[in-house]
Amino acid sequence: MHVVVTGALVENGAVLLVHRSPTRRAYPDLWDLPGGHVEAGESELQALAREMREELGVQIVAESSSRLGDLHAGSGEDAVHVGVWQIGDWVGSPTNCAPDEHDDIAWVGISELGGLPLVHGVLAALVRSLPEPDRPPRRDEARTAASPSGPEIHRCSSAEP
């Protein structure tokens, strides 16, 4: 069984999603919350902090993070257990620091999640149930792109790693 942790960074009515590269073996060409495998000896919170740093270049404030629940997929050797967390506060501006894993990252309006192909369909309902953390906006570096065939997506400015 694979043990994975994901984190929902939410602000201004949007959640940060990563688009899995079409060349990925598992769940290619789908949108997901950022995260990854929990390594031996790590707690979920430690893995969450490491994954957010590796994938997005942000440092989470551990005290602001809360566990939302679990998702399960697959069976046998391909079974996946996903711990889902809400990250209330973080330091830094999210950028795509793992372009080999994700070909895009974007702020997606929570009300628009149903219009995207998601790794786990229940993610949309889970994220919609989240309260938005009470803190000042930080997305002044974001630019907005509207898709004529889908939801409005607020894309992060991406710095080259």
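Each Cβ is built from the backbone N, Cα and C atoms, and glycine gets one as well.
Taken from TrEMBL as is:
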type	residues	note
COMPBIAS	131-143	compositional bias 'Basic and acidic residues'
COMPBIAS	152-161	compositional bias 'Basic and acidic residues'
DOMAIN	1-131	domain 'Nudix hydrolase'
REGION	130-161	region 'Disordered'
| field | For the domain 'Nudix hydrolase' (1-131), the mean pLDDT of the predicted model | value | 91
| request: List the helix, strand and coil residue totals of the domain 'Nudix hydrolase' (1-131) as derived from DSSP. | output: 32 helix, 52 strand, 47 coil
